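Report on one structure; see the data block that follows.
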Amino acid sequence: MKSENVNKRDEYQRVFSCFDKSHQGKVSVSTIERCVDAIKSGKRAVVDQEDTTNPNPEESTDDKSLELEDFVKLVEEGEEADKEKDLKEAFKLYEESEGITPKSLKRMLSLLGESKSLKDCEVMISQFDINRDGIINFDEFRAMMQ
C-alpha cells in the first residue's frame, strides 16, 4: 500500500511539474481551470510560461496559485468524488427501489455468469446488512466496497 502511495505521489509530482513551467513550486489556478475545461471539451490544453510564473516570487501568500500539496489535495478530492459516483452507478445496477435485495443480487450475479441460490444471496447480504433489514442500502454498499 505504501508503494502505491509513493507511486501516486510521484505521478502527482510529474503532472504538477508539467504545469509548473517556471519551476517556482506554484501553479496558477487559472492554468489548471483552463486545462480542465480543455479536457472536458476535448480540446488540447496549452500552458504558457506566463501562466505559471508568479509575478512576485517573494510573495508567499498568493492565493491565486497552488503549491504541490494543494494540488495533491485537489486531485485526491476529485478522485473521491469519482469513486462516490462510480459506487452510485454500481449500486444502481443491483438495486431495486429500496436497495439491493437477495432477489436483485441473485439476478445480477446470474447476468454476470455467477449463479447463486437465493439462500446464498441472503447469506451474502447478511454479512454487510448493518441495520439487519435484509436489504443493502447505499451506505451499507459503500462500506462493503471499501
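From the backbone N, Cα and C atoms, a Cβ is placed for every residue, glycine too.
The candidate list Glu122, Glu140 contains one residue that Swiss-Prot assigns to the Ca(2+) site with Asp129, Asn131, Asp133, namely Glu140. Proximity of Asn131 (Ca(2+) binding site) to non-local residues of its own chain (separation of 6 or more, Cβ distance below 8 Å) is seen for Asn137, Glu140, given in sequence order. With a threshold of 8 Å between CB atoms, the same-chain residues lying at least 6 positions outside the domain 'EF-hand 2' (116-146) that come near it are 84, 87-88, 90-91, 94, 98-103, 105-106, 109-110. Following the DSSP three-state reduction, the secondary structure of Asn131 (Ca(2+) binding site) is coil. Same-chain residues that are not part of Asp129, Asn131, Asp133, Glu140 yet have a Cβ within 8 Å of the Cβ center of the Ca(2+) site turn out to be Gly99, Phe128, Ile130, Arg132, Gly134, Ile135, Ile136, Asn137. Each of the binding-site residues Asp129, Asp133, Glu140 was scored by other CB atoms within 10 A of its CB, and the lowest score goes to Asp133.
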